[in-house]
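Chemist: Take a look at this one; I'll ask things after.
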Amino acid sequence: MKKILIGLILITFIAAAWSLTARIEKVDQNPGVEVIMDGEAYTELKSLEPEIDLQQLKESGITGLAVYQQTLEDFLEKGALKRIESLDIILGEEELITELEANQIQISELENSALFAVVSTSLREQINNLEPKLEADYSASIIKRDAYDLLYFHSWHEKLEDVSLGYNASLIEAAKENDLKIAFRSNNKLNALSALEKNLEILNPDFLIFDGEEVTGYPDKIEETAQLMQDQNLIFGNIEAFIAAQDGSEKLAKLNDYQLLRTHSMQQDEVEQADDQKIISRYLLSVRERNVKIIYHKPYLKGSQLKERNLGLLASLTSSLEAEGYLPGRAETVPYFSNSGWHLLLILLGVTAAGILLLNYFTAFKYEKLMNLFLLAAAAAGFLFLYSGREILLRQITALGSAVIFPSLAVIAFLLDKNRGGEKLEGGLSLAFVFFNFTAAVLTALVGGIFVSSVLNSSEFIFKISDFRGVKVAFLMPLIIISLYYLFQPGSKDLRQQIPELLEKVIKVKHIILAGGLALIAVIYIGRTGNFPLLPVPAWELTVRSLLEKVLYVRPRFKEFLIGHPLFIFSLYLSARKRKELYFYPLLMLASVGVITTVNTFSHLHTPVQISLLRTFHAYWLSFAAAAVIIFAYRLLNRLYQKYYLTEVK
């Protein structure tokens with residue numbers, strides 16, 4: 001029966017791997033990328049370095065310009081609007097007083113109302129375009145004059161400073177003159193949705209990237225925003241959540257059928273504190289490993305030689321992108337992508353078969369036939385979930401099951417279930433034993449990783465609109481399962497006898513120290529896992545990461561090639577007797593981290609599959625070098641121990 005289960009796992013694995021080829025072709029091998037410069041930052045750069053212009057920036061590498069939807073307050077600060085007070089009117093021209101009275105605006109009432117002179121020609125046009133909406137929503141009226149227009153709010157409150165009135169028309173004109181794409185940045189203040197509707201009619205931008213913590217229309221009018229985007233063929237620039245989580249972005253992405261481009265940016269302070277190489281490395285990493293298609297760039301605004309530094313940075317970035325096969329200025333969205341429900345059910349059966357195999361290790365294969373009923377139960381549950389419209393939940397449950405089962409199976413089948421170790425074998429036999437079982441364990445974890453990636457193989461997860469749930473559970477549960485198997489050896493003894501014996505054991509100081517060490521490891525381990533880790537990455541590790549990326553293109557994960565995998569190899573090298581000693585338990589926990597991390601690598605669905613495979617391969621081969629150092633140190637210490645300590649005891 002064991003062979004049948006393994007055969008089922010292999011068949012479903014082939015189907016899962018095959019389903020990923022479509023994702024690789026349609027999503028991962030999409031080479032286009034945009035470099036969009038922040039319009040406000042460009043305006044500031046232009047004021048500091050008048051000789052720089054958009055043509056030069058385009059020649060160096062930018063493909064588009066971002067222009068913000070601006071509020072009344074923004075235009076006041078820039079001088080495009082000026083508030084007129086009562087005294088200004090009294091001391092001003094008689095003609096103005098007459099016009100105000102004709103429009104039933106009393107000077108004495110300006111205490112609770114507000115009057116603004118619109119002096120910018122382009123802003124006058126934009127406000128006139130918004131007039132019906134401003135009148136309907138805020139009882140605002142516009143008085144048209146020759147030199148300037150007047151914008152009047154009958155009832156005024158400071159909150160109305162957030163009313164959206166328009167955009168920087170000169171930036172739009174300059175972008176179009178230089179044939180740059182336009183990314184419009186819309187906020188969610190007051191009348192942002194109605195302003196967006198009117199502005200889109202005039203601008204016809206290429207991308208919509210939201211400004212602030214909410215998408216326009218959140219929470220009740222996101223459907224209207226989505227419809228506007230569809231009518232205008234606008235592409236959603238979805239900022240990565242760890243950069244700026246925007247409420248409503250998930251719903252908007254779904255309504256737009258995932259026609260979006262993942263967007264990465266750096267804060268202005270980060271840019272000023274970084275050098276060219278650090279900025280370029282960060283941008284390349286986001287494009288290479290997170291499927292980012294819009295690099296939202298903010299230029300240097302501090303220091304000397306701003307023109308040379310900014311143009312040089314962009315030129316180097318463009319060269320680096322092209323060297324890796326990317327095509328600046330040619331980013332494209334991909335149609336909604338998902339493998340079929342039948343693929344999902346097939347993968348579910350493969351994961352269930354692995355779960356049955358794992359359970360059989362706990363029962364010493366005594367109830368094989370009975371456990372096969374789980375296959376029928378899993379198939380029935382899968383159909384029920386699909387029929388009830390809970391496909392996303394079924395995908396998440398199946399992925400979590402795979403992430404828990406396969407690393408547990410790898411450790412139990414290829415380490416704990418072995419009754420010998422490489423230490424007691426001679427030469428080639430020792431090497432073959434360690435190599436075969438370690439490779440088999442990594443391949444088992446890799447199968448689990450492919451299952452995770454395949455079962456979550458849809459646009460919802462690829463673009464991180466929906467996430468793999470239970471990241472920390474997927475890290476902890478395998479350790480718990482492995483611990484239960486190691487401590488109780490189920491199937492070999494009667495648990496009714498084992499549990500009382502365990503409870504009666506004497507706890508010594510070394511046990512308390514061991515428990516404290518394990519607790520510390522657990523805190524660090526959990527604190528460094530998940531999409532938003534609790535513990536920061538130390539500076540030295542960031543330096544090593546950068547070095548590995550330069551040398552290997554894709555860096556392996558520390559938990560694999562420096563901790564988990566080398567200790568797994570070392571554990572296989574130790575004799576079976578030593579693996580039963582108490583001190584081996586913390587070593588076992590650390591050795592298990594590698595295969596757990598291998599599966600976790602493939603839960604990052606926004607990372608191209610080829611990158612995850614390359615990362616896993618690098619961790620695999622590098623771990624042999626680290627393990628060789630550990631084994632050499634162990635043998636040296638063991639020899640010194642036997643030579644000096646045991647000799648003295650005798």
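Glycine is treated like the rest: Cβ placed from N, Cα and C.
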Chemist: Look up transmembrane segment in TrEMBL and report which of 235-253, 558-576 it refers to.
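Modeler: Here TrEMBL associates transmembrane segment with the stretch 558-576.
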Chemist: Should anything in the same chain at least six residues away from the transmembrane segment (393-416) have a Cβ under 8 Å from its Cβ atoms, list it; otherwise answer none.
Modeler: 344, 347-348, 351-352, 354-355, 357-358, 361, 382, 385-386, 437-438, 440-442, 444-445, 447-449, 451-452, 455-456, 458, 461, 466, 468-470, 473-474, 477-478, 481-482, 485-486, 568, 571-572, 579, 588, 591-592, 595-596, 598-600, 603
Chemist: Same chain, outside the transmembrane segment (342-363) by at least 6, Cβ under 8 Å from its Cβ: which residues?
Modeler: 2, 5-6, 8-9, 11-13, 15-16, 19, 371-372, 374-375, 378-379, 382-383, 386, 391, 394-395, 398, 401-402, 405-406, 408-409, 412-413, 417, 448, 451, 454-455, 457, 481, 484-485, 490-491
Chemist: Assess whether the transmembrane segment (583-605) lies in contact with the transmembrane segment (370-387), where contact requires at least three Cβ pairs under 8 Å among residues 6 or more apart in sequence.
Modeler: no
Chemist: May I ask for the residues of the chain that lie six or more residues beyond the transmembrane segment (617-637) and have a Cβ under 8 Å from a Cβ within it?
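Modeler: Contacts with the transmembrane segment (617-637): 439, 442, 552, 554-557, 560-562, 564-570, 573, 594, 597-598.
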